[in-house]
Amino acid sequence: MHRKPAAIAAAAAFAAATALSSTAALAQEPVKIGMVTTLSTGAGYLGDHVRKGFELALEQSGAADRVELLVEDDGLDPAQASQLTQRMVERDGVKLMTGSIFSNVAMATIPKLVRNNDVVYVSPNAGPAPLAGKGCHPKYFNVAWQNDNLAEVMGQYATDQGYERVYLLAPQYQAGKDSLAGFKRFFKGEVVDEVYTKLGQTDYAPEIAELRDAAPDAVYFFYPGGMGINFMKQFAQAGLADKIPALGPAFSFDDTLLDAVGDAAIGFYNGSQWSPDLDNEPNRKFVAAYIAKYDEYPTLYSSQGYDAGNLIVSALTETGWSTDDTDALAAAIKKAEFDSVRGDFRFGNNNHPIQDLYVREVYKDETGNITNRMVAEVFEDHQDAYAAECEM
Amino acid sequence: MLLFLEQLLNGVQLSVTLLLMASGLTLIFGIMSLLNLAHGSLFMTGAFVAAWVSGETGSWALGLLAGAGAAFAVGLLIETVVMRRLYDRDHLDQVLATFGLILFFNEMVRLVWGIRPMRLDVPDALSGFVEVVPGAPYPVYRLVVIGAGLAVMLALGWLVRGTRIGMRIRAGSVDREMIGALGVDIGRLYSLVFALGALLAGLAGVLAGPFLAVQSGMGEPILILAFVVVVIGGIGSLKGAVVGSLVVGLTDTLGRVYLPDILAFLFGEGAAEAGAAALSSMLIFLVMAVVLAVFPSGLYGRKG
C-alpha cells in the first residue's frame, strides 16, 4: 500500500527529469551555419582567414556552443561550390550560408541558391556587380563591399592628390576590367595608358619599362595574389618605388602577400574598408584577440569574417537562435546591429554596405612586420554604383 | 630606340631563364625519349629551398647552393623511383605519371612550407642599378642573371662537346642501344643526365625567385614556355634550345610591348585594345606553328 505513492513519485520524478532533460536538449540543439569557402589552391589563405575571423567572433560572443559551423572547401571551382552548397541545404537542412570568396564562384552558386531555396546568404568577400544591381535579392547580403568599391576609393584619392596623368594595369579578365572601370569612375585626370596583361603573367619587366618611359604622375594596378607579388617586386627592383606613387585596391596588399614581397612593398598605397590601426574599440579588441589566438596579423579577409560572424550572431540573438523563419532572419540581419570593426556600418537598399573607405600605406612597424597603416579617409558613407538598379 | 634596347635586354633575360629550363628538358627528351612534365616542379623546388635556406641563414649564396643542390638530389630521387620505370613506356604513360608528379610536388610544398608564398629577395650586393642604356637604370641583378645563365650554358656546352661524359651523352642521343652494346652503363648515364637537367631547372628557379612569387604551382607557366622552346629548337638539340629560347624570349617580350601599337596603326585604336592582349599571349604559339610548318622537326631537330 504505502509503496505505491513512492513508486508513483519516482515515476513522476523520472518522467519530469526526462522531460526536462529533453527540453534542455532542445534548447541546446545548435543552429547550423554552412560555410563553403576557398581553402585550397594558392588563394586558399583567403578563405582560411575568413574562417579564422568568423570562428573568433563566435568564440568571443559565447555563441560557439549554440552554433554548428559546417565548413567545406570549394577549391575555387564553381561546380564544386554549387554541389557542396546544395548538399548542405538538402542533406543537412542548413538555412544560413556564408563563405564565398571569388566572384565567379559566387555567381555560379548564390543566385540559384537564394532563388530556389529557403536560405539566407551572407557573403564575407565576393561582391560581383550583378548581385548588387539588377540581381539583388532580399535573402542575400554582402558584409564586405561591392567589388568596385576598393578601386573607386583609389580613383577619388588620385583625384584628391591632384595626379593628372595616371597609368593603369590589370590582367585581361572580368575582375581586371571592373577594377579599372571602378578607378576611372572617380578619377578626373588623364589615363595615359590602359594595359591589360595575360592572366597569371609572371614577368612584368617589359610593361614596367614602358611605364617608366611614359613618366606618369602615378600608377594604378589591380594584381591580386601571386601576380601582385611578381609585379610589386619587379616594380621596386626597377627602382620606381620612390619615383612613381603606386596605387591599388587592398587585394594585393594583405599581410600574407606583403610578407612574401618584403621591403619592396613599402610605400605602396591601397584602398580598403578596414585597416589594423583603425581607431575604434571593436577593432582594437579584434586585432589584439586575433594576434593572441592565431599568432599572426589579421588581414582584411579576417576582419570581414569577423564582421560576418558578429552580424550573424546579432541576428540569431534576435530570432532566438533559430533559422526556421528566414524572413525574420533576413530582417534581423538587415538591421546590422553589431559592433563592426569598421566603426559605422549599415546596409543599403541592395543589402550591400554603406561604409567609409580609406587609403592605407604599406610600412614596417616597430616589430619589423610589414603591414598597413591608415593615411586618409576618402569616402564617408559610400554606396556602390549599382544600388540604383536594385528594385528593393 | 633606347627603350627598345632596354626591352631587348628584358627579352634576353627571359630567354636565359628559359634556356636553363629548356636545355635540361631537351637533353632528357632527346636522350631518354622521356617526356617530363614535372620539370617545372624542379624549378619550384630550387626556388623554395633557396628561399627557405636564405631566410633561415640570411645568406643568399647558401640559398643558391642549397636550392640547386636540392633540385639535383630530388632529380636523382625521382629518376630512381619513378622515371626509370617509364623509359620503355609510351609517351602517354609518361605524361600521366609526370603530371601526377606535378600534383604531388605542388601539394608537397604546401604541406612543408604552408600555403603562404615564401620570400626570396635580391641579394643586397646585387640590388643596385647600372645605366646600360642612358637614362634607364637597369637592375644589376637582372644583368647578373643573364651573365650567370650564359656562363652555365657555356659550361654545359663544354661538358657535352669537350668531355668523355659528354661524348657518351651525345652518343646516347644518337643510338642508345649501340652505346649500351659498347659497354657504357646506360642506367647510370640516364640518372646523370636527368639529375643534370634537374640541377639546371633548380638553378633557374633560384635565379628567377627574386622576381617571382615563390608559391606552389610557380613552375607550370615557365614549363609551358620551355616546351615551346624545345619544340621550336628541335628535340634533343642544345643549339636548338639556345636559338629557341632567344626566339621565344624576344617574341614574347617584344610582342607584348609593340603589338598593341602595331595593331593600333593597322586597325585603329579600338580593335587594338581588344585584340592586342589576346594576340600577344598567343604570339609564341603562332611562331611555333610557323616554324613547325617550315621545319617539321624543329630548327635543329634530326629529320625523321
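The backbone N, Cα and C atoms fix where each Cβ goes, and this holds for glycine too.
The transmembrane segment annotation in TrEMBL falls on one of the ranges B:12-30, B:31-49, namely B:12-30. Pairs of Cβ atoms less than 8 Å apart link the transmembrane segment (B:140-160) most often to B:12-30, out of B:12-30, B:60-83, B:189-212, B:224-250, B:262-295.
Listed by sequence, the residues of this chain that lie at least six past the ends of the transmembrane segment (B:224-250) yet keep a Cβ under 8 A from its Cβ atoms are 8, 11-16, 18-19, 21-23, 25-27, 29-31, 39-40, 153, 156-157, 160, 173, 284-285, 287-288, 291-292, 295, 297-302. Away from its own ends, the transmembrane segment (B:60-83) comes close to residues 32, 34, 36, 38, 42-43, 45-54, 97-98, 101, 120-121, 123-124, 190-191, 194-199, 201-203, 205-206, 209 of its chain (Cβ-Cβ under 8 Å, at least six residues beyond either end). Outside the transmembrane segment (B:262-295) by six or more residues, the chain places 225, 228, 231-232, 234, 247-248, 251-252, 255-256, 301 with a CB less than 8 A from a CB of the stretch.
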